[in-house]
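Undergrad: Before I ask anything, let me first share the structure, which is written out below as structure tokens.
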Amino acid sequence: MAPTLATAHRRRWWMACTAVLENLLFSAVLLGWGSLLIMLKSEGFYSYLCTKPENVTNSTVGGSAEPEPEELSLVNGWLSCKAQDEILNLAFTVGSFLLSAITLPLGIIMDKYGPRKLRLLGSACFAVSCLLIAYGASNPDSLSVLIFIALALNGFGGMCMTFTSLTLPNMFGDLRSTFIALMIGSYASSAVTFPGIKLIYDAGASFIGILVVWAGCSGLVFFNCFFNWPLEPFPGPEDMDYSVKIKFSWLGFDHKITGKQFYKQVTTVGRRLSVGSSMRTAKEQAALQEGHKLCLSTVDLEVKCQPDAAAAPSFMHSVFSPLLVLSLVTMCVTQLRLIFYMGAMNSILEFLVRGDQKTVALYTSIFGALQLLCLLTAPVIGYIMDWKLKECEDTSEEPEEKEGTQGEKKQKRDRQIQKVTNAMRAFAFTNVLLVGFGVTCLIPNLPLQIFSFVLHTIVRGFIHSAVGGLYAAVYPSTQFGSLTGLQSLVSALFALLQQPLYLAMMGPLGGDPLWVNVGLLAMSMLGFCLPLYLICYRRQLERQLQQKREDSKLFLKINGSSNREAFV
């Protein structure tokens with residue numbers, strides 16, 4: 001039942017559009033935890049932990065019993081208290097941490113087995129999580145513990161759908177970074193899903209009914225994946241052209257090859273047949289000049305015409321590359337800055353308004369609504385990553401021979417250098433916005449915090465899109481999931497520092513976030529290390545390209561032709 005890669009390529013626009021919608025409704029919905037928390041309290045989850053003393057109503061007149069009504073309150077007829085808040089937040093902490101920690105094995109599995117099975121599993125887990133929450137709401141006094149399992153499944157299923165959607169942009173060629181940014185933007189904007197559901201809930205809809213319908217919609221995701229997603233992983237645009245698919249039984253081997261593999265192998269056969277018998281003794285020298293082994297038969301053609309090992313670095317080589325290490329530093333610093341603000345936002349607003357809960361609720365709602373900006377702003381960074389790639393040439397392929405006019409025409413940009421240049425601009429721009437966000441956080445002005453909300457939302461969409469675009473541009477497509485999972489795991493572990501920072505702000509600093517924000521602003525300067533390294537890396541690539549062109553000119557001058565293979 002699974003379609004082929006060629007069929008999936010024809011359906012790529014349908015798959016991309018539905019993936020954006022599915023990410024918006026089913027991926028990182030746990031980021032809207034504040035709205036879900038209110039609904040869980042209204043349904044009585046862990047309300048049994050709140051015990052109302054018998055003498056509360058009789059002693060509220062006395063001064064000694066005044067704190068009691070502040071600790072116990074009624075939400076939709078259910079008791080709410082501090083113990084309930086703590087246990088529900090513990091459930092959220094467990095679910096969100098498992099969500100981040102599982103990204104690395106999830107990426108490795110996806111790179112090995114492809115996205116189809118993981119997406120089917122993720123949609124099923126999300127549906128089960130909705131049904132578990134609904135079942136727990138039917139009898140919260142006995143089934144509240146199900147919220148732990150439900151949130152873990154919710155986060156796991158959402159991350160499965162997010163990760164698998166990041167492979168779809170491989171089918172869009174030079175627009176790959178733009179589509180990666182669109183997928184990440186829809187993932188980041190999914191924080192508005194629970195606030196939207198809360199509006200339906202406040203309008204009078206049944207909480208259990210909403211969750212059952214939501215689980216049914218997740219079932220539609222399952223069937224969409226079942227009928228449209230192929231078994232094979234999506235290769236990168238540099239690895240395959242989906243428009244060519246031929247069975248080469250007449251060449252002596254029966255497997256199917258596509259795209260550049262087709263071009264490489266047929267071109268090699270043509271060159272082999274065009275070489276005279278006097279040239280055959282020098283075949284090894286010709287192979288060295290060409291940069292890959294010359295195949296002498298259909299058996300050699302099938303076995304030996306493989307990409308050079310240097311062209312596809314190993315996973316460990318990619319992990320210890322300076323580019324990945326600096327991207328991890330940038331991501332860790334940015335994640336800590338963003339997550340601390342999300343966790344401490346209510347406390348920061350309370351400090352600014354001196355405890356006015358209505359104002360805090362208003363600004364919290366504004367912050368939640370602004371999360372949709374991620375869907376609009378994330379593709380901007382993807383467009384920066386894809387800037388002028390269509391005007392570039394791929395130096396990994398042999399240039400076509402141009403007689404007479406080669407020196408007159410302006411040389412095209414090198415694709416790899418343009419990718420590095422675009423990534424440098426994207427990370428520099430993102431870090432400037434991050435520093436600007438840190439500066440606005442230092443100013444104790446309430447209306448200015450709306451501008452901080454906007455910067456926070458933009459940076460959150462930009463940083464994920466920039467990292468995803470960088471990994472897709474620099475590293476092999478078969479390592480994309482593993483490297484993205486490693487980045488998510490490391491940044492999630494580093495982001496755990498937000499808890500001691502929050503305790504320091506609420507304890508010794510008396511709720512004043514000034515010094516914590518100063519420290520985080522200073523740490524944000526580390527984010528400029530990556531664009532500075534990319535500048536040096538670009539210069540290195542430019543020197544290599546210049547040397548290659550000089551060698552090509554020298555060879556042309558000696559032999560009178562740009563075709564090296566004619567002079568073995």
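Don't overthink the numbers, they just go from 1 along the chain as shown.
From the backbone N, Cα and C atoms, a Cβ is placed for every residue, glycine too.
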Undergrad: Swiss-Prot annotates one residue of Ser47, Ser243, Ser297 as phosphoserine; which residue is it?
TA: Ser297
Undergrad: According to Swiss-Prot, one residue among Asn55, Asn559 carries the annotation N-linked glycosylation site; which one is it?
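TA: Checked Swiss-Prot: the N-linked glycosylation site annotation sits on Asn55.
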Undergrad: May I ask whether the transmembrane segment (434-454) has at least three C-beta pairs under 8 Å with the transmembrane segment (120-140), counting pairs 6 or more apart in sequence?
TA: no
Undergrad: Under 8 Å for C-beta pairs, could you tell me which stretch among 177-197, 365-385, 434-454, 489-509, 515-535 has the largest tally with the transmembrane segment (319-341)?
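TA: It is 515-535 that shares the most Cβ pairs under 8 Å with the transmembrane segment (319-341).
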Undergrad: With an 8 Å cut-off on Cβ pairs and a sequence gap of 6 or more, do the transmembrane segment (177-197) and the transmembrane segment (434-454) reach 3 or more such pairs?
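TA: No, the stretches stay apart by this measure.
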Undergrad: Per the 3+ Cβ pairs under 8 Å rule, pairs at least 6 apart in sequence, do the transmembrane segment (461-481) and the transmembrane segment (207-227) touch?
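TA: In this chain the transmembrane segment (461-481) does not contact the transmembrane segment (207-227) - fewer than 3 Cβ pairs sit under 8 Å.
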Undergrad: Sequence-remote contacts (6 or more beyond its ends) of the transmembrane segment (90-110), Cβ cut-off under 8 Å?
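TA: Those are 30, 33, 37, 118, 147-148, 151-152, 154-156, 158-160, 163-164, 167, 233, 480-486, 488-489, 491-493, 495-496, in sequence order.
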